[in-house]
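Enquirer: Grabbed the feature section from TrEMBL, which reads as follows:
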type	residues	note
DOMAIN	B:5-95	domain 'Aspartate carbamoyltransferase regulatory subunit N-terminal'
DOMAIN	B:101-148	domain 'Aspartate carbamoyltransferase regulatory subunit C-terminal'
BINDING	B:Cys107, B:Cys112, B:Cys136, B:Cys139	Zn(2+) binding site
Amino acid sequence: MENRLYKRDIISIADFDRNDLELVLETAAQLKNSPRPDLLKGKVIASCFFEASTRTRLSFETAVQRLGGTLIGFSDGGNTSAKKGETLADSVNIISSYTDAFVMRHPQEGSARLASEFSSVPVINGGDGSNQHPTQTLLDLFSIRECQDKLDGLKIAFVGDLKYGRTVHSLAQALCHFGAEFTFIAPKALTMPDYILEELDEKGIKYHFSDSIEETAPKVDIIYMTRVQKERFDETEYKHIASRYILNVDSLKDAKDNLKILHPLPRVDEIAVEVDKTPYAYYFQQAENGVYARQALLALVLNEVV
Amino acid sequence: MRKKLQVEAIRQGTVIDHIPAGQGIKILDRLQLLDSNASITVGFNLPSKDQGHKDIIKVTNRMFSEQEANQLALFAPTATINVIDNYEVVDKFKMALPESLQGAFSCPNSNCITHNEPVDTHFSLREHKGDVRLKCRYCEKSFSKDIVAEL
Ligand SMILES: [Zn+2]
């Protein structure tokens with residue numbers, strides 16, 4: 001496959017077409033099967049976390065090391081020059097002049113796009129505020145493809161906080177390239193935002209609403225769980241919500257054999273621990289897959305031929 | 001022909017005609033026309049054959065930049081701009097909605113990086129169900145034009 005990601009910035013999942021997505025997923029699968037500790041040899045990667053996010057950072061840093069690259073950077077923007085009033089633009093300008101790629105996470109929306117305009121090397125967005133987290137979406141897609149052996153025409157249920165969950169929004173948008181059908185299961189106050197539904201309508205994607213995981217499980221291939229934050233509700237309300245939007249073994253009694261459960265992690269109590277032992281649980285493999293998805297991106301951005 | 005002028009003719013300048021009624025005041029404000037030295041004649045809520053009611057703005061000795069014309073298009077997509085010289089219309093063009101707007105408005109998302117950094121805002125425009133939506137190039141959020149413009 002032609003590598004159209006070479007030297008490209010990875011800012012938003014909206015910048016990817018179906019071919020780009022397939023290239024990353026195919027490369028991730030290859031790297032999972034046969035490690036390539038040479039692909040980033042001699043390359044220095046900046047890992048700049050202007051806000052702390054331990055899992056994402058460790059996942060990126062593992063990816064770099066597994067490909068033989070070297071890392072510089074920081075894990076918490078609290079003690080960088082940003083505090084002294086330096087603009088992000090200046091920081092990026094300088095740090096990118098030392099390195100071959102710039103991985104960043106930042107608390108403000110749009111920071112990654114802005115950084116790409118001031119960076120001399122490709123920028124990879126590790127999360128910008130509530131906006132984008134493209135590598136999460138790629139690892140989600142990779143996990144779905146891996147556990148279902150395909151991406152086309154799958155039925156996917158999203159459960160929990162669909163209003164603020166950016167991982168849900170990006171994943172739904174990416175799955176549109178593969179003709180998915182969605183079921184949304186969420187408390188009224190946390191339902192899928194209109195602008196996403198409008199996009200689905202425009203693309204002719206089918207979706208339904210439901211308020212029961214149990215009734216939905218027999219009809220879908222994937223249940224993608226997210227956390228409903230207790231803080232958003234009062235206690236009685238939360239108890240009611242918990243009874244409907246928490247996944248336990250009972251709610252899976254009529255599930256399809258191929259059903260798999262995903263979750264961006266960390267979970268709190270929205271998936272009962274007993275579900276971990278069922279064949280449906282796939283969230284820990286999903287987290288592991290983050291390293292392969294990130295390896296694939298780094299390899300493709302930094303090598304014309306992988 | 002019984003055509004009575006409702007707003008005085010000007011010798012030289014620009015006449016923005018067929019502004020949707022109610023938008024004229026926003027345009028004056030947005031283009032900071034009242035802060036300039038130009039003399040301005042306005043008509044609000046005038047009867048209009050096609051629109052029912054319209055606003056009209058006449059600005060003496062002043063032409064509009066492309067940036068200003070773009071902003072006009074956002075508020076008054078039906079407006080026409082008449083360039084006047086010696087009481088005659090020497091050029092006349094209809095507004096067209098621009099594909100993007102740069103540096104014209106700040107982003108309504110208070111957590112958007114554009115508020116802290118040395119860049120122009122950049123919105124791409126699209127029509128949705130009769131409304132114009134502006135999408136920020138940076139934070140990727142979409143807003144209706146009124147939210148963007150009335151900040
Ligand atoms: Zn913005």
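Along the chain as shown, residues are numbered 1 onward.
Cβ from N, Cα, C; glycine included.
These figures come from a predicted structure and were not determined experimentally.
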Enquirer: Report the mean pLDDT of the predicted model across the domain 'Aspartate carbamoyltransferase regulatory subunit C-terminal' (B:101-148), rounded to a whole number.
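Expert: It averages 91.
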Enquirer: Around the Cβ of B:Cys139 (Zn(2+) binding site), how many other Cβ atoms lie within 10 Å? Please give the count over every shown protein chain.
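Expert: The Cβ of B:Cys139 (Zn(2+) binding site) has 27 Cβ neighbours within 10 Å.
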Enquirer: Summarise the domain 'Aspartate carbamoyltransferase regulatory subunit N-terminal' (B:5-95) by DSSP state, stating how many residues are helix, strand and coil.
Expert: 20 helix, 40 strand, 31 coil
Enquirer: What count of other C-beta atoms do you get within 10 angstroms of the C-beta of B:Cys107 (Zn(2+) binding site), across all chains shown?
Expert: 24
Enquirer: May I ask which residues of the same chain, at least 6 positions away in sequence, place their Cβ under 8 angstroms from the Cβ of B:Cys112 (Zn(2+) binding site)?
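Expert: For B:Cys112 (Zn(2+) binding site), the qualifying residues are B:Cys136, B:Tyr138, B:Cys139, B:Lys141.
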Enquirer: Just counting, how many other CB atoms are there within 10 A of the CB of B:Cys136 (Zn(2+) binding site)?
Expert: 26
Enquirer: Return one of helix, strand or coil for B:Cys136 (Zn(2+) binding site), based on DSSP.
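Expert: Assignment for B:Cys136 (Zn(2+) binding site) reads strand.
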